[in-house]
């Protein structure tokens, strides 16, 4: 059983990198948020609106545990906040998984997120300064949890293929 867990801030490339890694390794990619949506039969936005964040974080933790305990191989892409709640950061250090923090700078994240702000409700109405401040605060708050990953891969000034290769080197 092989579990590869990718984590990092929104815009760091978790989904794109996981999809490419999946094609190369033939290990299925499971996006935690999509798994939660299928289970709840609601979008993440609807879960937050109808049940609140505490309920969502409980569902998220349960689904993460379920994916880790599955006998299937998987590349699991976490939501940006997943490691920060319900002691999920401790699960990143289990012996039976490989956890990788895709580390990006504030400028890299800003440049990636600014073009599709409308798809990200948290930042949709922010100007450049507000957005950079928001990202910086979140990165500061979350770095403790993100840094529990067994491996860190810098994504600044790296192509998707280069980042995937960095992860393949870790897995070798």
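Using the three backbone atoms N, Cα and C, a Cβ is placed for every residue, glycine included.
Copied from Swiss-Prot, the annotated features are:
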{"type": "BINDING", "residues": "11, 12, 13, 14, 15, 16, 120, 158", "note": "ATP binding site"}
{"type": "BINDING", "residues": "15", "note": "Mg(2+) binding site"}
{"type": "BINDING", "residues": "33, 57, 80, 142", "note": "substrate binding site"}
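Features as recorded by Swiss-Prot, highlighted on the structure.
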| residue | record | DSSP (3 states) |
| --- | --- | --- |
| 11 | ATP binding site | coil |
| 16 | ATP binding site | helix |
| 33 | substrate binding site | helix |
| 57 | substrate binding site | helix |
| 80 | substrate binding site | coil |
| 120 | ATP binding site | coil |
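In terms of Cα spacing, the binding-site residues 33, 57, 80, 142 that come within 10 Å of residue 11 (ATP binding site) are 80. In the three-state DSSP reading, residue 158 (ATP binding site) counts as coil.
The Cα of residue 12 (ATP binding site) lies closest to that of 80, out of the binding-site residues 33, 57, 80, 142.
Maximum C-alpha to C-alpha distance over the listed substrate-binding residues 33, 57, 80, 142 is 18 Å. Residues within less than 8 Å, Cβ to Cβ, of residue 14 (ATP binding site) and separated from it by at least 6 positions along the same chain comprise 6, 7, 8, 77, 78, 102. Each of the binding-site residues 57, 120 was scored by other CB atoms within 10 A of its CB, and the lowest score goes to 120. Rounded to a whole number, the distance between the Cα atoms of residue 80 (substrate binding site) and residue 16 (ATP binding site) is 14 Å. Ranking the binding-site residues 33, 57, 80, 142 by Cα distance from residue 13 (ATP binding site) puts 80 first. Here the Cα atom of residue 80 (substrate binding site) is found 12 Å from that of residue 120 (ATP binding site). Between the C-alpha atoms of residue 158 (ATP binding site) and residue 142 (substrate binding site), the distance comes to 22 Å. Cα of residue 33 (substrate binding site) to Cα of residue 15 (ATP binding site): a distance of 11 Å.
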